[in-house]
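**Student:** Residues or ranges marked as transmembrane segment in TrEMBL: A:6-27, A:79-100, A:121-139, A:159-177, A:189-209, A:247-269, A:281-306, A:340-368, A:389-408, A:414-435, A:447-468, A:488-507.
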Amino acid sequence: MTGGHQTLALLLFSAFVAVTLGITTWVSRGRHGSAEEFYAGGRLFSPMENGFAIAGDYMSAASFLGISGLIALYGYDGLLYGVGFLVAWLVVLFLVAELVRNCGRFTLADVVAARMSERPVRIAAGTASVTVSVLYLVAQMVGAGSLVALLLGQTGEAAQSWAVIGVGALMVIYVSLGGMRATTWIQIVKAVLLIGGTVALTVLVLLRFHGDVDRLLLTAADRSGHGKAFLAPGLRYGGDWTSRLDFISLGIALVLGTAGLPHILSRFYTVPTARAARRSVVWSVGLIGSFYLMTIVLGFGAAALVGPDAVRRSNAAGNTAVPLLALDLGGGAGSTGGTVLFAIVAAIAFATILAVVAGITLASSASVAHDLYASLRRPRGKAPRSEVAVARCAAVGIGIVAIALGLLARDLNVAFLVGLAFAVAASANLPVLLYSLFWRGFTTRGAVWAVYGGLFPAIGLVLLSPVVSGSPGSLFPGVDFQYFPLENPGIVSIPLGFLAGWLGTVMSDEVADEAKYAETEVRSLTGAGAV
Amino acid sequence: MLPVCPSLGMQSSNGRSHGTGDGPESSAGHREEHGAAAHEVPFEDPWYDALAAGWGELDGTGRPAPAVPPARGEAGATAPRTRDVYLEVQRSEAFQEVRSRYRRFVVPGVAAFLVWYAAYVIAATTAPGLMARPVVGAVNVALLAGLGQFISTFLLTWAYARHARLRRDRAALELRWDTQELTRGVQGGAS
């Protein structure tokens, strides 16, 4: 590794940090610290702005680095991630976006708690949201770590840790100073940069093959050493039935998880109406869909031009395939073009991680302050200002937790880690959300059971899975308490979440309040009384 | 446009949704122009008026945790009657129509894309032979199916947005105004 691209990448990244810090101070000048302002940015973003911000929140390092890396290593099986991530938006659009915008204020718990006994439901939903956010944050931190490892070479262990800490510190500054308004603008800037960079790389890949996709695919298949099998499913998940089930589990988690991600749900509150929320989703589906189509090209391009072996040597999980591809597209290591492209891609990936991390931190600090702290501590008679202060402190705490876990989970594939976060979101958040929006007879006990009945199995199954122990690639390879064969718990924990919600409702003495359901239904579909 | 049901009709007056709060509405309209389809929207957002109407006044029975900024308003003497408003609106013909239009589109839509996605995932895991069958050049069934998922997602997104814009938005907005007017009337009369 030469010093040139490191310096340039650091310069570009510093420029991004400077611009975003500028945005943070600029948008937060003269703002009063109301909860409305901090959590929802005043609800005044336009659908297009919010659509870009949603895309920015969603197209994480996991997509940019992880999916292309998986495609470069395993061919078609990596592509399945992209399909799941995109189809998930139909669930969001059809069942969640408008209704949640109409019924809630800041968090998922608002929607559920409106119909139920508020305290237990808020505590449950808040806990689930924070758990999902922390898992997702860890994935981003791991992405930051592997990028730095690539930039600084294998010797940079300490520097890698410092970079993760630096990303964490920056995100805490953005979130605690700028709130939702600054975070949204950072997302927009980042989405534009990321899409611009991806388009440029895709064009370069296609130019290299003279626009012949067929030859791109064939070259990738040849270079991979798997031949035609590289272009068909099965290389990663096609072995025994355990790994096939694992894949189905992942597929379910991906498609159902997005609608339960707290940082995605909170984005719908930044626009004035449900119609604006719908139009932001339409924007983001367009952006996200095109982005995933391009990552497929980049993944096969990396397989064809860099080769799976070189990718694997650089990072066993494939997270560095795209930066290596950029180096090759620019003219190879040592050339000016390669150096510049590599630096740009690395800087964009850093920016991506930073922005996504800021979005998740904001959403989880909202859950801590608005749901957990407010329900548990009950500081009577204090103004909402103190809630924002709590949210700012929560952002710092969550940042520290994420940094620590990020350093621990350094060697796992980012896309895979995100798959776990999706599984937990789909198990703990989605059942309770759908039940409270659409089930007339849903009760408080049902809501609490639905959350915990999805959350605990999901977390427990991950702890007992080969990810944590019992196999060479796990977090603690030395010990073996692996009792659950699948890496992704979704196929078991998501039905359990729905089942627990149903059981809790059937077994509770409380009769669901007709009038409150009427209110939820009327408000969700018409927007009456929405803030 | 939907007929306003008799129970609502007594208290609703025509054209209210266009007559209230000109100033705020025009600023709402201005914001909308940032979006792509602003000119397709024949009516304006009442969001500003909704803020003025006050979330906190609307409804609610007792809250166990009053320190939480409530999703609904605090308990009040008017609460039972506000509850009745929502029940009344829910039973009204106009609302039933909006709801059934939403469900008639969403239920088959969700079923369709979930089945299509499940078929895709299951085929990818259980029938790799079928998925690997070449079609044109290097392109095989699996790649075409993946591309098909992207295309169907784009198409369904477009269809949903179009359906909601043409078939639901106007009726939902009228209902929103009627409902807010009714709750305001109930609260105004009691205080």
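Note that Cβ sites are derived from N, Cα and C of the backbone, with glycine treated the same way.
Each of the listed features needs to be described in terms of its position in the shown structure.
**Tutor:** Tertiary neighbourhood of the transmembrane segment (A:121-139): same-chain residues 60-62, 107-109, 112-113, 260-263, 357, 360-361, 363-364, 367-368, 370-372, 374-376, 398, 401-402, 405-406, 409, 414, 417-418, 420-421, 424-425, 428-429, 432, 444, 447-448, 451-452, 454-455, 459, selected by CB-CB distance under 8 Å and a gap of 6+ residues from either end.
For the transmembrane segment (A:189-209), the residues of the chain that approach it from at least six positions outside its boundaries are 16, 19-20, 23, 52-53, 55-56, 59, 64, 215-216, 219, 287, 290-291, 294-295, 297-298, 301, 304-305, 322, 325-326, 329, 341, 344-345, 348, 351-352, 354-355, judged by C-beta separation under 8 angstroms.
Same-chain residues lying 6+ beyond the ends of the transmembrane segment (A:247-269) with a Cβ under 8 Å from its Cβ atoms: 39-40, 43, 50, 53-54, 57-58, 77, 80-81, 84-85, 87-89, 91-92, 95-97, 100-101, 104-108, 129, 132-133, 136, 180, 184, 236-237, 277, 280, 359-360, 362-364, 366-367, 419, 421-426, 428-430, 433, 486-492, 494.
Sequence-remote contacts of a segment are chain residues at least 6 beyond its ends whose Cβ falls under 8 Å from one of its Cβ atoms, and for the transmembrane segment (A:340-368) they are 5-6, 8-9, 11-13, 15-17, 20, 39, 56-57, 59-61, 64-65, 106-109, 125-126, 129-130, 133-134, 136-137, 140-141, 143-144, 147, 150-151, 167-168, 170-172, 174-175, 179-180, 183, 186-187, 189-190, 193-194, 197, 201, 204, 262-263, 265-267, 322-323, 326-327, 329-330, 390-392, 394-395, 397-399, 402.
If you look at the transmembrane segment (A:389-408), the same-chain residues 6 or more away from its ends with a CB under 8 A from one of its CBs are 33, 35, 38-39, 130, 133-134, 137-138, 140-142, 144-145, 161, 164-165, 168-169, 171-172, 175-176, 357, 361-362, 364-366, 368-370, 373, 475.
Remote same-chain residues near the transmembrane segment (A:488-507) are listed as 245-246, 248-250, 252-253, 256-257, 419-420, 422-424, 426-428, 430-432, 435, 439, 441-443, 445-455, 457-458, 461-462, 465 (criterion: CB distance under 8 Å, separation of at least six residues from the stretch ends).
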**Student:** Using Cβ atoms only, state whether the transmembrane segment (A:414-435) and the transmembrane segment (A:79-100) have three or more pairs under 8 Å that are 6 or more apart in sequence.
**Tutor:** yes
**Student:** Out of A:6-27, A:79-100, A:281-306, what stretch is closest in contact terms to the transmembrane segment (A:159-177), meaning most Cβ pairs under 8 angstroms?
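**Tutor:** Against the transmembrane segment (A:159-177), the leading stretch is A:6-27.
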